[in-house]
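One structure is given here, and the rest of the page talks about it.
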Amino acid sequence: MFEAARFDDAGLGMRILWRFGCSARLLQTNHYRTAASNPSFPAVWMLLARHPVRIPALFAVFHNRIHTMPETTQHNPNPELYSPHPDVRGMTLLNREAFKRTVVVPALKVKKEIVHTLLKSLKHAVLQRPGLKRVVEDPEDEDSKLVILDPQKIPEFSLGESEKEVLKQLHVNPEVSKYNLELTYENFKSDEILRAVLPEGQDVTSGFSRVGHIAHLNLRDHQLPYRHLIGQVIVDKNPGITCVVNKTSIIDSTYRNFQMEVLAGESNLVTKVKENNFTYELDFAKVYWNPRLSTEHGRIVELLKPGDVLFDVFAGIGPFAIPAAKKKCVVFANDLNPESYRWLLHNCKLNKVDSKIKAFNMDGRDFILGPVREELRKELALVKEQKTAFHIVMNLPALAIEFLDVFRHLLVGEPCSAAVLPTVHCYGFSKHENPAKDIQERAEAALGASLEGRCSTYLVRNVAPNKEMLCITFQIPADVLYKRPCPAGDKPASKRLRTCQDVTEEGLQS
């Protein structure tokens, strides 16, 4: 068990908590306080010490929700019992027939009329495998059935006292017989198949994202020789998955898409996804979509109130903009990628908010200097009370912080009320040992002003080992946003325009 005293560094604490599956909300700092100065991290460690958590298993994302692959928690006396035939090791082209094998399992002879009752009473000990029957015909007695038991739960074909008591009450003979059970490819789970095929001791797939009918993998180098087999296994074992792709390049920071290879199934990459009760359609090969951001999209939209104004600088296909418009916010959405812009318009119509969103296909900096500045100039001059809030979302983690300098003296004139200064939600990646401190310092450098005590950081997700995605939220300081006009008394005296007469008089005097 970890001791809080051993982890006095806030950044290290954040990383290890994240590795051990703690909610990102547990790590959220108080509103308008920075994680860099937040003293609550030791308390978080103490909380972890009091409430131990399991190390999470390998994960996969299905229908925009993160699930963990099953973890074996009970004693396993024979881990190879349900393993495929050892000859499949090293297979690169899937041969389903090679997975056949016969294993000996325990069985109980039970009268037909009490089979259902027995299954309910011995539910924990009955065999449960994909595609396998738990009850089979007894070849020696047509009035009886054979109930197949799980050999992992009934080691050495010996019933425990609790199972014997159940059988005694049902007047069932406790004698356990042996049954030859044939296992085929259909009866093995995907992780069992891949663990049997890949070289011994190497990791199986570390998880995949599901985007509609597409499974998106990020395979490691040692898995690449088996990539087509891995893809086919995922298609076979996951209903609704008809296409498996593997990322072959890093995300292009300009258009936020990447090169990919189709490993198995159809090559159709136009798909439909559901997120937070909204439907989106997209071409996965041409636009950016990450199902792991579903919670973050919902978190930001929850902050908005009807009538608020949202400027989405890097809108993608609309996961922030469309729910905000449905919430009766005024929305300006922009994306540089022409394909993202096209699908944004399509999804606005699909979700019936096309009349409520003003969409743009511009560079993010030009969008802020143009439509955003014009709208702020007009609206902030009219707003006297905090009835309308202005939010600017900048979800381009690789580059967004570099755009913050555009807010320097974006407006000219006397500052508006501090209560209605625009709130920025800017995303970034960090590999720093204290990611919250790092992202705050980078934002301050871009703005040319301190955010100490007036910003909050939120740990969105762990992207890779020692790489975090965070959101920093702050109101743009008035002295950053506004360029104040010079007071009348400070203006230099204007020079009088010289006339032809002045020139003539100077000539005569000389």
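For all residues, glycine too, the Cβ spot is worked out from N, Cα and C.
Annotation comment: TrEMBL describes 208-478 as domain 'SAM-dependent methyltransferase TRM5/TYW2-type'. The S-adenosyl-L-methionine binding site annotation in TrEMBL covers His297, Asp335, Leu336, Asp363, Gly364, Asn395.
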Out of the binding-site residues Asp335, Asp363, the residue with the smallest number of other Cβ atoms within 10 Å is Asp363
For S-adenosyl-L-methionine, with binding residues His297, Asp335, Leu336, Asp363, Gly364, Asn395 per the record, max Cα distance (Å, no decimals) returned as 22
Whole-number mean pLDDT, the domain 'SAM-dependent methyltransferase TRM5/TYW2-type' (208-478), equals 94
Most Cβ neighbours within 10 Å, among the binding-site residues His297, Leu336, Gly364, Asn395, goes to Asn395
